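These notes are about the structure you will find just below.
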Amino acid sequence: MSNKTLLIITDGIGHNSSNKNNAFYTAKKPTYDYLFENVPYSLIHTYGEYVGLPDMQMGNSEVGHMTIGSGRVLYQDLVKIHLAIKNDTLKDNEVLKNTISKSNNIHLLGLASDGGVHSHINHIIAMAKIAKNMGKKVFIHIITDGRDVAPNCAKTYINQILEICDEDIKIATISGRYYAMDRDNRWDRVKKAYDSITFANPKTQDDILSYIETSYKNEIFDEFIEPTSFEGYNGIEKNDGIIFCNFRSDRMREISSVFAKADFNEFDTFKGSLNFASMTQYDKNVFIPVLFPKDNPKNTLAEVISNAGLSQLHTAETEKYAHVTFFFNGGVEEPVLNESRVLIPSPQVATYDLKPEMSAPEVGSAVRTAMNNNIDFIVVNFANGDMVGHTGVFEAAVKAVEAVDFELGQIFELAKKQNYNIILTSDHGNCEMMKDDEGNILTNHTVGDVYCFVYSPKVKEVKTGSLNNIAPTVLKLMNLEIPKEMDEPLI
């Protein structure tokens, strides 16, 4: 019996007992249909306390891949920061105090929603109050969400921030996350957000609520709000402090590097000295003091396989590449010994509903090449269900599922010939619930379970569990010892 194992993560494809507004159900998916009839599977948890998040908090790709790759429940940053605010210890954080005290003015940049995937509005509000109490002027640079929450609810969150605004706390700029939180090297987008924050360019005469209302009338919703600054804000000045409030790293790497990377050269930047701090480490190659350093787990799945002298391949397209590498490996950037990586570029389109197959064919091809080369362990992420699900376009999400299903069919056929075990699961759901009961478009992740198929002659039954049970399941299939840090397998 072969020990070679393939772990497939179909991002954003979850279980929904209702067929209504369910792109996964609607899609023509012969591979999944075959699996449901012939391969053992169970439903596993991806959210809340099962993955180290607050109770009933939706899961996300960072947390999901960290949990899958480490094989245990990790206390997530959202929970750590919530507790620091609740216990009134955030104000005592040395990095935060030092950054505020040595800066002239404080600029807070963060995603202003309670989605809890990249940030939380309460963190921004708490830091604004702390900086004000330390005698500083505070400028808040709002990034609107529309993706991890409803597409047009920004005013709800902005009103919460307006409640704390006074002579010392001001909303300075606004930008949709499409611009400020790009992660695909679309520097033209990032520049628009950067210019509004740094140079107060452009500037609108509207107040923030009127600006949003005008955007809505023009069919521009929260994710895509055009960056602008507001009256009374004139830009960043020498010796100001910038605090990046998002705790998730992947969508803060670009915008933070523009400010903090000495040799950044994609476009013209502010030349004066500035002070920086970030909630977590975004990029080890760009020095920014960190409020909440990560505790990297030991004996991750990648490490155990490497220590056994076996080969492994991690592959995904750009949008999810960090997840199968950095996050999957427990927050470690460098590959382990005998780990190879294949990055497939994501298509250069404005939004992925325009190309719902994304780069799935190329990703699938990379997997099949690795299988033909008899790589001992392969992990792959298919991004379509999540990235197209986030657009809210139902028909495109259906096509996204169909594109993934086609690639799965080819992979499973080859698995039979090459004697691979396969675990097929997801990090969280999305496209299986595209509207709520009132008919409102949903673009966020779902709070629910996902499928976990285990295709192997060794397996007749799959237990229920959570994402933390995946890594030990891989190791059991590969006939490797499960380290004491990991939880129980599903088989």
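Cβ from N, Cα, C; glycine included.
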Return the residue out of SER61, SER70, SER365 that Swiss-Prot annotates for the same Mn(2+) 2 site as ASP11, ASP427, HIS428. SER61
For the substrate site that Swiss-Prot assigns to HIS118, ARG147, ASP148, ARG183, ARG248, SER249, ASP250, ARG251, LYS320, which of ARG177, ARG341 is also named? ARG177
Quick check: of the binding-site residues listed here (ASP148, ARG251, HIS428), which one has the Cα closest to that of ASP386 (Mn(2+) 1 binding site)? HIS428
SER61 (Mn(2+) 2 binding site) in three-state DSSP notation: helix
Within 10 Å of ASP148 (substrate binding site), Cα to Cα, which of the binding-site residues ASP11, SER61, HIS390, ASP427, HIS428 are there? HIS390
Please determine which of the binding-site residues listed here (ASP11, ASP148, ASP386, ASP427) has the lowest count of neighbouring CB atoms within 10 Å. ASP148
Whole-Å Cα distance, HIS118 (substrate binding site) to ASP427 (Mn(2+) 2 binding site), is 16
Coarse DSSP state, helix versus strand versus coil, of HIS445 (Mn(2+) 1 binding site): coil
